[in-house]
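K.L.:
Not my notes, these are from TrEMBL:
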TRANSMEM  B:12-35  transmembrane segment
TRANSMEM  B:42-61  transmembrane segment
TRANSMEM  B:67-87  transmembrane segment
TRANSMEM  B:99-118  transmembrane segment
TRANSMEM  B:148-170  transmembrane segment
TRANSMEM  B:199-219  transmembrane segment
TRANSMEM  B:253-271  transmembrane segment
TRANSMEM  B:277-296  transmembrane segment
Amino acid sequence: MTTLLEFKDVDVHYGPIQALKKVSLDVKEGEIATMIGSNGAGKSTLLMSIFGQPRISSGQIIYRGEDISDKSAHYVASNGLAQSPEGRRIFPGMSVEENLLMGTIPIGMDHCDEDMQRMFELFPRLKERRNQRASTMSGGEQQMLAIARALMSRPKLLLLDEPSLGLAPIIVKQIFQILEDVASTGMTIFLVEQNANHALKLADRGYVMVNGEIRITGTGEELLVNPEVRDAYLGGH
Amino acid sequence: MDIILQQLVNGLTLGSVYGLIAIGYTMVYGIIGMINFAHGDVYMVSSYLTAIAIALLSYFGLESFPIIIFGTLIFTIVVTGAYGWVIERVAYRPLRNSSRLAVLISAIGMSLILQNYVQIAQGARQQGVPTMLTGAIRLDIGDGFVQITYMKLFILFVAFLGMGVLTYIIQKTKLGRMCRATQQDRKMASILGINTDRIISAVFVIGATMAALAGVLITLDYGAFDFYVGFIIGIKAFTAAVLGGIGSLPGAMLGGVILGLSEALFAGLISSDYKDVFSFSLLVIILIFRPSGLLGKPEVEKV
């Protein structure tokens, strides 16, 4: 399997505070990789740094053989990376359909109708609400919209930042079921999560981040039974 | 009765022009959160460009009204749009990540530069353009009458056409969606592949072209202008934008029309000497009692 995305000794600073410390990881084509860690561990910083927000202070981010660490966000997005970010960040004043259209910016409108139909099959709730203002939807629906919007650009690598955040367990289950469907189409996914149980069950490989450092790595199964991971992230039993 | 009707017509025309200029304030505020104090002077520049276009066209012997007006509109809109682009590039983009205060000071500086540059290049004296469109419709009402000049009708038509086209662009086209996305969440817009710097430039150009439309219309109607005309009309349009809710596009148009109507009624019924006092009192009252304006949303601090 070829490596799609690679972090090499990446440091990120917010002023005097170091948010990421010598982070090295890779995501291979066709796999689901996950990064688990508690609140404030640096997970979102990691995903946003791919888009240069914030810029890394040292190291390299390599995407398909190219160092993208000093590229603009729109350049990165135009080359097949899409993100469903922390807090969803859907456009509140736009309708569901318009939000989905925003996902097509990198590839143009050629596949727009076809892809939108696909999204409505994947997320039937969005179809019911296609003309509704996005801000009036529930958290779960907004999360689905954020994921669908990212998929509209036909990404080579889908980056997901805590799709379970603040959602009811039943909705979380639904969303992870959909992610499994998406992954079965061959989509490469890098998932950042606090919900270690769901994330590790879905993922081929996982990383555990603590205070900006990667502490443990392994396959999803290995991490699920790892005593340290179980104590810290899976409620200890 | 006839005075009220007459002033309603005058106010509507004036208001539609305030609305056009207010669009520039409100869109720029919406997208980068700054008041572009040089915007009134962009309008002023377009007055001079109108005169230059008319002079050029007559020099080449083109003197029929449709050709002159069409040529003048195209020339003024294109060149003023270029001014808008350059102003953003020179005065605001280098300060993109600075404090709001720095950008504000830069805007005031840009305003002074434009005024002085035009004063040096074109002279400090008042300039004028000849009347192009004469004649009026006269409606008899009771003892009096209402007179609507063809020029006023023309202004109304072009101004509302301009607002209609812009609304269509913002609501229905890809460029419009990208503008709205950038306004609602600039960081997310860039993650989706939008070159937000380019969108911000586009918004400045759009604002400038709307000011150019206003500049052509008012200059053709009033005839006279100088390098300082941008100040008062700029602050009036700013008042209109605040009245409608700064950041809201329909708000700017509505605010412009309401301000124009109320100012004209005040001038006709109470005192035309104090109409500016009236407008600015209105601004103060809005800022005290409804700072988010008629259609604006109250600002929520993002956590």
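Note: Cβ is positioned from N, Cα and C throughout, glycine not excepted.
Automatic, uncurated: that is what TrEMBL annotation is.
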K.L.:
With contact taken as 3 or more Cβ pairs under 8 angstroms (pairs 6 or more apart in sequence), are the transmembrane segment (B:12-35) and the transmembrane segment (B:148-170) in contact?
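P.N.:
Yes; at least 3 Cβ pairs under 8 Å.
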K.L.:
For the transmembrane segment (B:148-170), what are the same-chain contacts with Cβ under 8 Å, counting residues 6+ beyond its ends?
P.N.:
9-10, 12-13, 16-17, 19-20, 23, 73, 131-137, 139, 176, 179-180, 206, 210, 213-214, 217-218, 220-221, 249-250, 253
K.L.:
Near the transmembrane segment (B:199-219), which same-chain residues lie under 8 Å Cβ to Cβ, leaving out any that are not at least 6 residues past its ends?
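P.N.:
For the transmembrane segment (B:199-219), the list is 17, 20-21, 23-25, 27-28, 30-32, 36, 39, 42-47, 49-51, 69, 72-73, 76-77, 79-85, 87-89, 92-93, 129, 154-155, 158-159, 162, 166, 169, 175, 178-179, 182, 189, 225, 233.
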